[in-house]
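Peer 1: To start, I am sharing the structure in question, which I have written as structure tokens.
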Amino acid sequence: MADKLVIAGREFNSRLMVGTGKYPSLEIMRKAIEASGAEIVTVAVRRLNLGSSEPSILDYLDLRKITLLPNTAGATTVDEAVRLARLAREAGLSDMIKLEVIGDEETLLPDPVATIEATRILVQEGFIVLPYTNQDPVVARRLVEVGAATVMPLGSPIGSGQGLPNFEHIQLIIQRVNVPVIVDAGIGAPSDAALAMEIGADACLINTAIAQAKDPVAMAEAMKLAVEAGRKCFLAGRIPKRTFASPSSPTEGMIGRPKA
Ligand SMILES: CC(=O)[C@@H](O)[C@H](O)COP(=O)(O)O
């Protein structure tokens, strides 16, 4: 059976989602997105210059192959986030929205109370809401209760490249909710992406580690392979960790070993 990522009934083959910010150029962004194999690409509604005749990120995305996931980056209140989501839908971008309501300008940590409220409003308005959230399983459950289609806990702060220092918290979220869990933010290297998938995350969203790599196209491919490897590992079932050694060869009947 094909192993698809399903979000609100929509099926995707790739479990890697990518962002569109921080690339050295739009052409490199285009090539990196292609190398990543991502089918879902997020763009900040604020950066789109809707209505302007200037070249836009959208001109560099193959919208026949990818699903656009507008995001509310920059919003710090419920009202701002809801307004950006409505703007994206009115502009014909999508009814799927990656909801970000930032609660702290320095750490870019999400405001969980505002995120739950904005999710509730947007779900009532018919949006498919993918909220960026912290690593609290209770908040994740509340988001699902108000209709979130996924939850997107941060691995570590946006752009920090710190990976998943508290991956056990994300594991708890995975155990507690019945919607896809997408690790968003902080992934710095393919090993981080693989770890996220190995513990059972449904997908990863990666921006900075690809866009700011020395070679973004090669890094995009490395992330693609890591997400695939991590997912295969999860499905295959990794061995439990043991405190003591367990010999690889049977010890029974070994030559030269005195009989008990
Ligand atoms: C692009 C996006 O939507 C953000 O949530 C964020 O930029 C992802 O985090 P990293 O840049 O740390 O991958």
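Here the Cβ of each residue, glycine as well, is placed from N, Cα and C on the backbone.
A TrEMBL annotation is a machine prediction, not a hand-curated record.
Found this in TrEMBL, in case it helps:
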ACT_SITE  LYS98  active site, schiff-base intermediate with DXP
BINDING   GLY159, ALA185, GLY186, ASN207, THR208  1-deoxy-D-xylulose 5-phosphate binding site
DOMAIN    7-250  domain 'Thiazole synthase ThiG'
Peer 1: Take the C-alpha atoms of GLY186 (1-deoxy-D-xylulose 5-phosphate binding site) and LYS98 (active site, schiff-base intermediate with DXP) and report the distance between them in angstrom, rounded.
Peer 2: 16
Peer 1: Using the Cβ centroid of GLY159, ALA185, GLY186, ASN207, THR208 as the reference point for the 1-deoxy-D-xylulose 5-phosphate site, which residues of the same chain not in that list have Cβ within 8 Å?
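Peer 2: Apart from GLY159, ALA185, GLY186, ASN207, THR208, the close residues are GLY19, PRO157, ILE158, SER160, GLY161, ILE187, ILE206, ALA209.
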Peer 1: Please find which two of GLY159, ALA185, GLY186, ASN207, THR208 have the most distant C-alpha atoms, given that the record lists them as binding 1-deoxy-D-xylulose 5-phosphate, and give only that distance in angstrom, rounded to a whole number.
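Peer 2: Farthest-apart Cα atoms in GLY159, ALA185, GLY186, ASN207, THR208 are separated by 9 Å.
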Peer 1: Just how many other Cβ atoms lie inside 10 Å of the Cβ on THR208 (1-deoxy-D-xylulose 5-phosphate binding site)?
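Peer 2: That number is 18.
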Peer 1: In whole Å, how far does the CA atom of the residue listed as 'active site, schiff-base intermediate with DXP' lie from that of ALA185 (1-deoxy-D-xylulose 5-phosphate binding site)?
Peer 2: 13
